[in-house]
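Okay, structure first, notes after.
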């Protein structure tokens, strides 16, 4: 839990380091108009007109100038936090920013001004109904976006695209709950509220809409989190060459000497806006070399955590007994793509195959050295991830959102079962609808615990 939500708070709102402009932001809590005017008098030597940019000197306690810049005063509720807010925009050097910050703290000591906690400005925006919880999370996601697609999707979430979908679902669930409750409250009435309003049809439509939202949310989560891809196999099958080919840069040392890579080498690349976290690992084999053994142990740890494993083979030898032993140790539930590398030495054309004997496993024949088949491998990784090329209107989502959507989906499925039994299960029908609504409301922040809010906002940067 953050300190006190009514305290005046201050922080540097721009990134650390040097820049053309730096911003110090102050939010004054409840009823902070007098404090805002007092601080602007102390720092700027004048009271500021609301929502007007004033070019003023920023002065210390003795009236000596610290900097000159733009001061902006936003009276409540028309500000980012919904409180009275003062922003000082000066030159973006770290020393001058620290001087302005300390000057604010000294001048505001009398009314309890303190340093803001991470995410506290956005937390107040949420508490003052300027943003819902999904939008607040989108602020952090927009700042942290690692690809253009992720940034655009976070922008759509911030613009309420995700929240509007959730609110529409909640309204439909509430409407259906009203029909069920009316039937429960007036059992003696001759009117069958559920039949008259086609309750089953309404429920089916809600479930269909929820499935669509969940599909979009999965795409958004993929944009945010990306895919962890581990390159595994015996030494000298071309794992480092494949990493370099996927990344388009010489990141790993490539030699004909087996065991060159002794620890993991990681690189994040973008494919259609999806971050792929590619991890090159030590070759898997029996060895007496202690350093190499440590690297191999780390390889298996990475494989356990992977979203996808690329099992590299030498296309000249195919699947050897040693490769069979390695494949047998791959964890259940982690997709494996068998990559037969070095087709430049065999003359086999690059291709993707689905051998009948391999079940669901896919084989990609390629040459990391020449680049043949690399695009096929990228496409296969996107297919495994479930990415739909050209998907429009995707909004960024988090694992928390997916969990809530899946839980709501399960409650609605249970509600559908109870709807079929009618009289015997009407109470349970109503309860499952209530639980589904509760899960959906948790996404936008209605009925959300303080503990969860504390975790979410603590992950923001200070000053946001």
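One is the number of the first residue shown, and numbering goes on along the chain from there.
Glycine too: its Cβ is placed from the backbone N, Cα and C atoms.
Straight from Swiss-Prot, the features:
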{"type": "BINDING", "residues": "25, 87, 130, 464", "note": "(6S)-5-formyl-5,6,7,8-tetrahydrofolate binding site"}
{"type": "DOMAIN", "residues": "226-386", "note": "domain 'TrmE-type G'"}
{"type": "BINDING", "residues": "236-241, 255-261, 280-283", "note": "GTP binding site"}
{"type": "BINDING", "residues": "236, 255, 257, 260", "note": "K(+) binding site"}
{"type": "BINDING", "residues": "240, 261", "note": "Mg(2+) binding site"}
*Look at the binding-site residues 236, 240 and tell me which residue has the greatest number of other C-beta atoms within 10 angstroms of its C-beta.*
240
*Which listed residue (25, 239) has most other Cβ within 10 Å, given these are binding-site residues*: 239
*pLDDT averaged over every residue in the domain 'TrmE-type G' (226-386)*: 82
*In which DSSP state, out of helix, strand and coil, do we find residue 239 (GTP binding site)?*
helix
_residue 282 (GTP binding site): tally of other CB atoms within 10 A of its CB_ = 27
_Coarse DSSP state, helix versus strand versus coil, of residue 25 ((6S)-5-formyl-5,6,7,8-tetrahydrofolate binding site)_ = strand
*Compute the C-alpha separation of residue 282 (GTP binding site) from residue 240 (Mg(2+) binding site), stating it in Å without decimals.*
9
